[in-house]
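Have a look at the structure below, then the notes.
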Amino acid sequence: MAAKDVVFGDAARAKMVEGVNILANAVKVTLGPKGRNVVLERSFGGPTVTKDGVSVAKEIELKDKLQNMGAQMVKEVASKTSDNAGDGTTTATVLAQSIVREGMKFVAAGMNPMDLKRGIDKAVGAAVEELKKISKPTTTSKEIAQVGAISANSDASIGERIAEAMDKVGKEGVITVEDGKSLADELEVVEGMQFDRGYLSPYFINNPEKQVVALDNPFVLLFDKKISNIRDLLPVLEQVAKAGRPLLIIAEDVEGEALATLVVNNIRGILKTAAVKAPGFGDRRKAMLEDIAILTGGTVIAEEVGLTLEKATLNDLGQAKRIEIGKENTIIIDGAGDAAGIEGRVKQIRAQIEEATSDYDREKLQERVAKLAGGVAVIKVGAATEVEMKEKKARVEDALHATRAAVEEGIVPGGGVALLRARAAISALQGDNADQNAGIKIVLRAMEEPLRQIVLNAGEEASVVVAKVIEGKGNYGYNAASGEYGDLVEMGVLDPTKVTRTALQNAASVASLMLTTDCAVAETPKEESAPAMPGGMGGMGGMEGMM
């Protein structure tokens with residue numbers, strides 16, 4: 001085991017604070033509409049230019065072990081805020097730096113760090129309650145567009161695209177971000193349910209121009225096992241042929257004789273059919289088959305429920321208005337399922353989302369809800385160069401998270417004003433002793449910091465602007481983009497409540513940990529000894545005798 005350096009008290013804290021300041025100073029220049037860019041070196045390819053706080057934070061690794069500990073703790077604030085709320089990483093970093101900086105002064109003056117922490121926690125609790133009171137629900141598409149624009153560093157077109165996508169697929173719908181092919185941003189909406197399985201044979205294609213299988217008003221057969229024997233399928237095929245409608249078979253697999261017979265029937269025009277594999281794997285496959293059954297008003301034919309292929313009737317089959325099958329995707333449009341049944345299924349999946357422990361499971365369940373409830377929207381980001389594309393895509397993703405957060409918990413005035421207004425609830429707070437009161441003061445001072453930084457980045461005098469905004473009431477604040485004072489909500493400068501709340505809570509949590517740290521243990525840096533000199537040309541002394 002490597003030897004360790006153990007550092008106590010002020011010496012440990014001072015080094016960690018240096019690390020906090022290095023990271024926070026690099027991140028906070030990106031805050032606000034006039035935030036500056038940060039250039040990140042890449043080991044391959046060109047450098048990346050970003051205004052995204054968490055991207056900057058993730059790049060920073062310091063040589064000094066103790067400084068690095070401080071930096072990593074603040075990086076945790078940014079990452080945690082990004083994971084929970086999807087935005088607000090720079091605000092959280094600025095708040096954490098301020099709480100650490102002010103707190104260290106009181107610790108150095110001999111105050112009890114544990115009481116300071118209690119005071120900080122008390123103040124943050126009161127501020128969060130006040131933020132909830134200030135918060136208003138997002139109701140209009142315009143508000144959603146404004147939140148998106150602010151989060152995308154004041155890019156109105158991104159906000160509008162996201163609002164448009166939410167209008168099309170609903171607030172629960174899946175919205176994904178992809179690289180576009182042109183210079184302009186595009187929005188593509190897939191109505192109905194889409195899953196990532198294509199046709200099993202190209203011979204099913206009936207629209208050669210688009211290279212897709214298009215089935216109008218088809219029946220849908222759902223089976224949870226492989227189909228290889230055509231005899232099992234014959235009774236159903238005969239009933240469908242009599243009805244004179246197309247058939248889509250969704251099963252674990254369709255192979256051999258069964259697939260060959262379907263293809264031959266299709267080519268001869270006896271029965272218009274297509275077959276695709278069921279989406280997902282294992283238990284998720286069963287759940288998704290059940291989703292499709294509810295959407296199309298059919299039944300999954302499974303031995304567990306006592307149903308077999310030979311005994312299946314038209315009543316067991318689902319129906320849809322139209323189904324399109326490409327090489328890699330199948331889209332079911334306007335399934336014949338019962339609205340109440342679909343709503344019940346959505347509620348059931350939402351309950352599973354609440355209980356899900358892994359992010360992957362939660363994401364997959366949310367996709368299932370969206371597929372049942374609305375549809376899928378794809379925002380294709382356009383840019384002139386790859387560097388610009390990466391930077392813009394990161395901003396669109398941030399904006400998307402922010403708008404989701406706004407829909408979830410509502411909005412507050414942006415530009416650092418919500419935190420200033422929430423100070424009203426703290427100013428009258430009293431702790432149990434003088435040290436706790438000092439903790440409350442630390443938070444009061446920190447809550448001015450985001451506005452100060454926004455103003456500094458805009459090149460104005462912070463103290464003057466903060467004093468003027470404090471004099472105002474409600475939504476009155478400073479719009480750094482235009483340099484004007486006024487009602488920020490009317491100007492469209494909005495922040496999601498969830499983002500502001502999460503930033504404050506995470507910043508206070510990590511900063512309190514740092515204030516109550518009294519010892520740091522780090523690996524002793526290895527001293528690299530200089531390599532030995534190469535051997536000389538010794539032993540050549542007896543050469544005279546050879547002359």
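Each residue, glycine too, has its Cβ placed from N, Cα and C.
According to Swiss-Prot, the protein has these features:
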| type | residues | note |
| --- | --- | --- |
| BINDING | 30-33, Lys51, 87-91, Gly415, 479-481, Asp495 | ATP binding site |
Show which residues of the chain containing Ala480 (ATP binding site), separated from it by at least 6 in sequence, have their CB under 8 Å from its CB. Gly32, Pro33, Lys34, Gly415, Ile454, Val455, Asn457, Ala458, Glu460
Binding-site residues (Thr30, Thr90), the one with most neighbouring Cβ atoms at 10 Å: Thr90
Suppose we draw a 10 Å sphere around the Cβ of Gly32 (ATP binding site). How many other Cβ atoms does it contain, all chains included? 27
Secondary structure at Thr90 (ATP binding site) (DSSP, helix/strand/coil)? helix
Sorted by position, what residues of the same chain at least six away from Asp495 (ATP binding site) have a C-beta under 8 A from it? Gly88, Val147, Ile150, Ala402, Ile411, Val412, Pro413, Gly414, Gly415, Ala418
Those residues of the chain, 6+ apart, with a Cβ under 8 Å from that of Lys51 (ATP binding site): Thr30, Gly35, Arg36, Asn37, Val38, Asn153, Glu391, Arg395
